[in-house]
Amino acid sequence: MLKLRIPATSANIGPGFDSIGLAVGLYNYVTLEEYDGLAIESLDGKEIPTDETNLVYTTAKRLYELCGVPFRGLKIGQINNIPLTRGLGSSSACVIAGLKGANRLMGNPVSDDELLNLAAGIEGHPDNSTPALTGGLVTAVFDGKKVWYVKQEIKNDLRFVAIIPDFELSTAKARGVLPDTVPRRDGVFNLSRAALMSVSLYSGNYHNLRVAADDRLHQPYRMGLVKGGGEVMDACFQLGAYAAYLSGAGPTIMAIVDANLRDFGDCIARRLPELGLDGWQVHTLSIDNAGTVIERV
Ligand SMILES: Nc1ncnc2c1ncn2[C@@H]1O[C@H](COP(=O)(O)OP(=O)(O)OP(=O)(O)O)[C@@H](O)[C@H]1O
Ligand SMILES: N[C@@H](CCO)C(=O)O
């Protein structure tokens, strides 16, 4: 039996739509073993699909088929700490668990880079799936077949404070509100900031982050789907965050704060009820530079 640990991921980081993402220290755990049939158990009682539509199962089965290895079936156990459909890469975590786990069960016939290509093909974009496997800060291009990427380990002097609404927002719905074309000035606005975000996080030039996190490609269109999101962003800046942005497709708001700002998470959690946002959760997370780990064989 295998046990995998897969990190949550935060994609886009403001302007890097479909191209920049990072992994954080919030983990799903998945056990996998070959089995005659299908048995999927949610070990923490969270509601997940336990039939043949389960994403860990479908991706694992797909890799067996791609490799031409007879597929008997799988027994899967899941601990699901990454909240579903909240912009923290829950689907990528399943895809990576299925691919990495199946590959190991078959004796590792496929390279990690090829697993990343397959994962991006399944997800449609590489900004969650790549850091979910590699960890760290990832800047990536998916050309439809291959992911061209750089992983950079970033220092542990930042905290990523995930402010998670009590409602879901599927990636499909959040992509559905985006326009097909954007003005050239918005393209220039974003590409300059995406480059600045990537290099500023890596180099520790955190004073750039507030400007670098601004975006005109997706956040202005999606914020209408996140009731209270604008107020939460304002509160993050009042409390001293370097930056705040819509994590992935939302609805989670992610604040980037200095690690020395130890009470930021408590302060924002106290502010939420004042904004009428009961039921939201706050997790203060560190960068995960390790990526997916096979903890036990
Ligand atoms: N632990 C899990 N077990 C099984 N299926 C899951 C699990 N987590 C997510 N999924 C599947 O992935 C879907 C959510 O994917 P979606 O892309 O909408 O959100 P997300 O990955 O959390 O957000 P984002 O891509 O913006 O970070 C769920 O509806 C479910 O089908
Ligand atoms: N880049 C993706 C991340 C969500 O999977 C989006 O914003 O739609």
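Every residue, even glycine, has its Cβ placed from backbone N, Cα and C.
Per TrEMBL, domain 'GHMP kinase N-terminal' is recorded for 54-136. Per TrEMBL, ATP binding site is recorded for Pro83, Leu84, Thr85, Arg86, Gly87, Leu88, Gly89, Ser90, Ser91, Ser92, Ala93. Residues annotated as domain 'GHMP kinase C-terminal' in TrEMBL: 208-258.
When secondary structure is read from DSSP and collapsed to three states, Gly87 (ATP binding site) falls in the coil class. Neighbour counts were taken at the CB atom with a 10 A radius for the binding-site residues Thr85, Ser91; the maximum falls on Ser91.
Within the domain 'GHMP kinase N-terminal' (54-136), the DSSP-based counts of helix, strand and coil residues read 47 helix, 8 strand, 28 coil. Fewest other C-beta atoms within 10 Å: among the binding-site residues Pro83, Gly87, that description fits Pro83. For the recorded ATP site, residues Pro83, Leu84, Thr85, Arg86, Gly87, Leu88, Gly89, Ser90, Ser91, Ser92, Ala93 set the reference point as the centre of their Cβ atoms, and the other residues of that chain within 8 Å of it by Cβ are Ala8, Ile82, Gly248. The Cβ neighbour count for Gly89 (ATP binding site), using a 10 Å radius over every protein chain in view, is 32. Here the Cβ of Ala93 (ATP binding site) has 32 other Cβ atoms within 10 Å, regardless of which shown protein chain they belong to. Per DSSP, the domain 'GHMP kinase C-terminal' (208-258) is made up of 22 helix, 10 strand, 19 coil.
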